[in-house]
Amino acid sequence: MMSNHSSATEFCLLGFPGSQELHHILFAIFFFFYSVTLMGNTVIIVVVCVDKRLQSPMYFFLIHLSTLEILTTSIIAPVMLWGLLLPGMQTISLAACVAQLFLYLAVGTTEFALLGAMAVDRYVAVCNPLRYDVIMNSHTCIWVVITSWAFGFLSEIWPVYATFQLTFCKSNLLDHFYCDRGQLLKLSCDDTLFTEFVLFLMAIFIIIGSLTPTVVSYTYIISTILKIPSTSGRRKAFSTCASHFTFVVIGYGSCLFLYVKPKQTQAAEYNKIVSLLISVLTPFLNPFIFTLRNEKVKEALRDSVKRCCQLLND
């Protein structure tokens with residue numbers, strides 16, 4: 001416990017419960033996930049950049065989505081993995097806690113904005129294919145990406161500032177594997193009701209706001225696909241959206257459970273599980289979702305592997 005007149009200058013991350021043996025098993029599992037996430041998303045970025053067949057708006061957005069997935073897991077995973085290796089509690093300074101929380105939320109918000117833009121891109125491709133190149137030109141794509149990144153980082157300045165204006169005098173023990181906002185609010189001696197309400201409204205604005213163009217776009221996409229007379233035509237049209245739609249369901253589903261609720265200080269174990277889905281599992285699945293369900297990417301990957309093999313044989 002801490003004095004009622006002082007605020008924590010560092011926090012102790014309690015991480016995961018259980019024995020040291022269990023921690024070592026978790027370390028091996030999460031390290032594998034993290035390694036595959038880095039390699040898989042990096043491969044997607046490289047293949048899209050070098051293969052001329054993938055020089056389209058959809059894959060331009062995919063480069064940025066893969067970059068965001070690498071950042072999301074890299075902000076959380078190294079701290080989590082280090083905590084699993086240490087025999088005791090892991091400490092993190094107040095400044096590092098601020099930086100981690102801000103970057104995590106900012107990158108996540110950027111990803112939501114980008115997913116909304118990708119949904120609109122799929123809508124134009126399916127519902128207005130003849131004007132696709134005119135509407136989704138390079139200038140538009142660059143503007144959309146810059147706006148998404150700017151919105152993501154600027155929109156999280158006040159929420160993080162407001163969180164760390166609170167006085168953390170109840171304790172400095174943070175029951176999580178990273179600086180989670182909900183658990184930070186639990187440690188505050190101040191009345192957090194108003195702050196939590198504002199954060200709830202902002203979460204609704206960001207998540208539901210970016211989900212709206214996605215829902216509207218897919219409503220029109222499904223309507224258009226159902227009007228295609230041939231089964232092969234419907235299958236081909238849907239295949240252009242399947243990867244993005246799958247990723248949207250996983251990503252938004254996890255975040256709706258974690259952030260869109262009036263009470264931010266929910267049970268720690270529930271919080272940890274959903275946080276793992278967002279920061280570890282979703283970035284891990286991203287390369288598989290966008291390669292196994294996308295024939296163009298699979299073809300580009302096969303050609304890249306063949307070229308690498310030829311270079312090695314030479």
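Using the three backbone atoms N, Cα and C, a Cβ is placed for every residue, glycine included.
Curation does not apply to TrEMBL; its annotations are automatic.
Marked as domain 'G-protein coupled receptors family 1 profile' by TrEMBL: 40-290.
Annotated transmembrane segment per TrEMBL: 25-50 (among others), in sequence order. Away from its own ends, the transmembrane segment (25-50) comes close to residues 16, 18, 59-60, 62-63, 66-67, 69-70, 73-74, 77, 80-81, 84-85, 280-281, 283-284, 286-288, 290-291, 297, 300-301, 304 of its chain (Cβ-Cβ under 8 Å, at least six residues beyond either end).
The transmembrane segment annotation in TrEMBL covers 62-86 (among others).
Marked as transmembrane segment by TrEMBL: 92-120 (among others).
Outside the transmembrane segment (141-161) by six or more residues, the chain places 57, 60-61, 64, 98, 101-102, 105-114, 117, 181, 198-199, 202, 206 with a CB less than 8 A from a CB of the stretch. According to TrEMBL, the transmembrane segment annotation covers 141-161 (among others).
As annotated by TrEMBL, transmembrane segment applies to 197-221 (among others).
Residues or ranges marked as transmembrane segment by TrEMBL: 242-261 (among others).
With a threshold of 8 Å between CB atoms, the same-chain residues lying at least 6 positions outside the transmembrane segment (273-292) that come near it are 30, 33-34, 36-37, 40-41, 43-44, 62, 65-66, 69-70, 72-73, 75-77, 104, 108, 176-178, 180, 243, 246-247, 250-251, 254-255, 257-258, 298, 301. The transmembrane segment annotation in TrEMBL covers 273-292 (among others).
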